[in-house]
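A.B. asks: Just dropping this structure here.
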Amino acid sequence: MGALQWLSITAAAASAVSALTPEQMIGAPRRTEVIPNPSGDTGLFSTSQWSFDTHSESTWWSLIDLQSGKTTTLTDDSDIEEIIWLGSDNSTLLYINSTNAQVPGGVELWIADSSDFANAYKAASLSAGFLGIKSTVTDSGDVHFILRGKSYPNGTAYNDQLAETYPSTARIYDSIFVRHWDTYLTTASHAVFSGTLQSSTSDDGNVQYTSSGGLTNLVNPVKGAESPFPPFGGNDDYDLSPDGKWVTFKSKAPELPLANNTAAYVYLVPHDGSATAFAVNGPDSPATPEGVEGESNNPVFSPDSDKIAYFQMATNTYESDRNVLYVYSIADDTITPLAKDWDRSPSSVTWVDGDNLVVASQDLGRTRLFAIPGDAGDDFKPTNFTDGGSVSAQYVLSNSTLLVTSSAFWTSWSVYTASPDEGVINTLASANEIDPELSGLSSSDFEEFYFDGNWTTLQGWITYPQDFDSSKKYPLAFLIHGGPEDAWADEWNLKWHSKVFADQGYVVVQPNPTGSTGFGQQLTDAIQLNWTGAAYDDLTKAWQYVHDTYDFIDTDNGVAAGPSFGAFMITWIQGDDFGRKFKALVSHDGPFIGDAWVETDELWFVEHEFNGTFWQARDAFHNTDPSGPSRVLAYSTPQLVIHSDKDYRIPVANGIGLFNTLQERGVPSRFLNFPDEDHWVTGQENSLVWYQQVLGWINRYSGVGGSNPDAIALEDTVNPVVDLNP
């Protein structure tokens, strides 16, 4: 595998630049963040790749030399779930094997050497499924570790394969959530468990590790707590102190109704569970900053194990409030904000040393790294030391530089070193220079632009097609992002990759209107009660700016598409004169009937957006209802409606209702449904069909289908079309 990986570099360099197709983009290798060993000379990562020939996925683990960038394959064992550096030296690894010979549904912990992986040995057998392992070697030589899994109400680990079944399929609820994202809730919850691997030295001097005792559920003793919290909770929700004595985790406020509140606390607990976890910033903690009641996230221990850095929002019920960086001192039981007035909302934090930190934050359509000293005052304004692309992970190397994993519009994976003093130091690898599927992609295919919106200057992105010629005209593909508190950013986007759209023969425009994130909290906050006001006006002004500025963009044959909030906007556009500016529309998982918001899972979202429940703020719900009779009577632009059955954020009835309405109005329309997908389409085979239908639909009406012989057509999808029309 390793030799083939490096042969691909030559192939990529030698191949001609070709259009990026859905098959190429979806089937290209997908790599994880690179995790360095203790000395910082070797990194570890995994790669997965889907084959449309075999309809299966291959996964392998690799090592990368952090000086030369050269990679070698460590293992392609498909049973391996995760691998981490154990921390005892620079070559010992700890991994989770996803099978257990003795316990169906259980997993095993194995120890291996990176130079002799085949001779790994089993260190522990675990009775249930677990993920997200973190470990440290203590002063005694033993390994303390934590991982996450499901828990029964009594605190024991939940095993899906051994769980009790009932004669009836009935589900009974006395509280909400009933369902969340893509899952109906059960009595099982998520928890962080701790354990120990005891060290011993064999006769030949080799250190061996074996399980010492069982696992301890650190979350369950706190009534109502859950960590990580689904659906997006993960490894960032908990941490193990470097000395192995403490564990910190995040949980939603257990005393508040889950579906109506975003409040969450950071907890601290001894690794052995000898005391019950307590919320360091909960309502009963004297250290809690006054008026700070929103979500907490990303707790991380300092290198000396004495402090915890974390983020918290001020406002409960507002999921897109500004994250502020705080540091909790274990010894002093105090909480200190850092750069409190900084007008950005950082999303991850890393300790460079005991006094200085680095955070990643959205910033002007990218995710950049910023340095923050431990004594930063409220008015400290961090300066970015990375620029283009979007950082997904950062680790401190032994020389205090950072190992960064990122992506961009033009590369799915980039690895480099950087520091606050020097910026980007050395690029080690980039997927567009490794993978034949991505060869020819470059930053020159993308650029940003600024335009005057409803009340402020706004930013957007332009993506150019293959062999772009400014003397020619290309139909506009106008993409509207979801959220609404989100942004089109310089990052690899599997679900809505602008270059895949562009290489059909479009110039793609992606504006960031009111509500977008990364441009200051005022712009984000301004979306409340303003979906069809400033945000809608921003989109019309973005279209007008493009129409007036770029001669090579054909707005007469333009198309528009968007997911979620973007899909709402598409249907709102359909009911307005602006809808006649487009030849075709595509809406993915969008709301249709205002009152149907009562069916959503996270009620805090809609009740914040519209400033009340659907009975308290009925006018606000109706003011953003694209199904109003006067709007429906204007529907006339061909529209593809996409909605999946497991979307519990915006249930599928919204999509069916919209499609029914379009059909009864006689508007050319099609309904695309995935019974096994949620608010996103992530399955590789489903994603291919999604792109075929979306691109086929817009190509049919924009003229691209006639001008580009290689353009995707609706007929490229092999699934049958149900058409019951006489």
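Using N, Cα and C of the backbone, Cβ positions are placed for all residues, glycine too.
From Swiss-Prot, here are the annotated features:
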type	residues	note
ACT_SITE	S564	active site, charge relay system
ACT_SITE	D647	active site, charge relay system
ACT_SITE	H679	active site, charge relay system
CARBOHYD	N90	N-linked glycosylation site
CARBOHYD	N97	N-linked glycosylation site
CARBOHYD	N154	N-linked glycosylation site
CARBOHYD	N260	N-linked glycosylation site
CARBOHYD	N384	N-linked glycosylation site
CARBOHYD	N399	N-linked glycosylation site
CARBOHYD	N454	N-linked glycosylation site
CARBOHYD	N530	N-linked glycosylation site
CARBOHYD	N611	N-linked glycosylation site
SIGNAL	1-19	signal peptide
A.B. asks: Tell me whether N97 (N-linked glycosylation site) sits in a helix, a strand or coil according to DSSP.
C.D. replies: strand
A.B. asks: Just to verify: the residue among N399, N530, S564 with the fewest other Cβ atoms within 10 Å, which of the recorded positions is it?
C.D. replies: N399
A.B. asks: How would DSSP class N384 (N-linked glycosylation site) in three states?
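C.D. replies: In the DSSP reduction, N384 (N-linked glycosylation site) maps to strand.
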A.B. asks: List the same-chain residues at least 6 positions away in sequence whose Cβ sits under 8 Å from the Cβ of D647 (active site, charge relay system), in sequence order, or say none.
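C.D. replies: In sequence order, D182, D589, E677, D678, H679 meet the Cβ cut-off.
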A.B. asks: Quick check for the class: what is the C-alpha distance, in angstrom and rounded, between S564 (active site, charge relay system) and N530 (N-linked glycosylation site)?
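C.D. replies: Pair distance, Cα basis, whole Å: 16 Å.
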A.B. asks: Nearest to N530 (N-linked glycosylation site) by Cα, among N90, N97, N260, N399 (glycosylation sites)?
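C.D. replies: The smallest Cα gap between N530 (N-linked glycosylation site) and any of the glycosylation sites is with N260.
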A.B. asks: Specify the nearest of the glycosylation sites N90, N154, N260, N384, N454 to N611 (N-linked glycosylation site), where nearness means the distance between Cα atoms.
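C.D. replies: Smallest Cα separation from N611 (N-linked glycosylation site) among N90, N154, N260, N384, N454: N260.
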A.B. asks: Most Cβ neighbours within 10 Å: which of the glycosylation sites N90, N154, N260, N454, N611 is it?
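C.D. replies: Comparing the glycosylation sites N90, N154, N260, N454, N611, the most crowded Cβ belongs to N454.
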A.B. asks: Tell me the Cα distance separating N154 (N-linked glycosylation site) from N260 (N-linked glycosylation site), rounded to the nearest angstrom.
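C.D. replies: Here the two Cα atoms lie 26 Å apart.
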A.B. asks: Determine, from DSSP, whether D647 (active site, charge relay system) sits in helix, strand or coil.
C.D. replies: coil
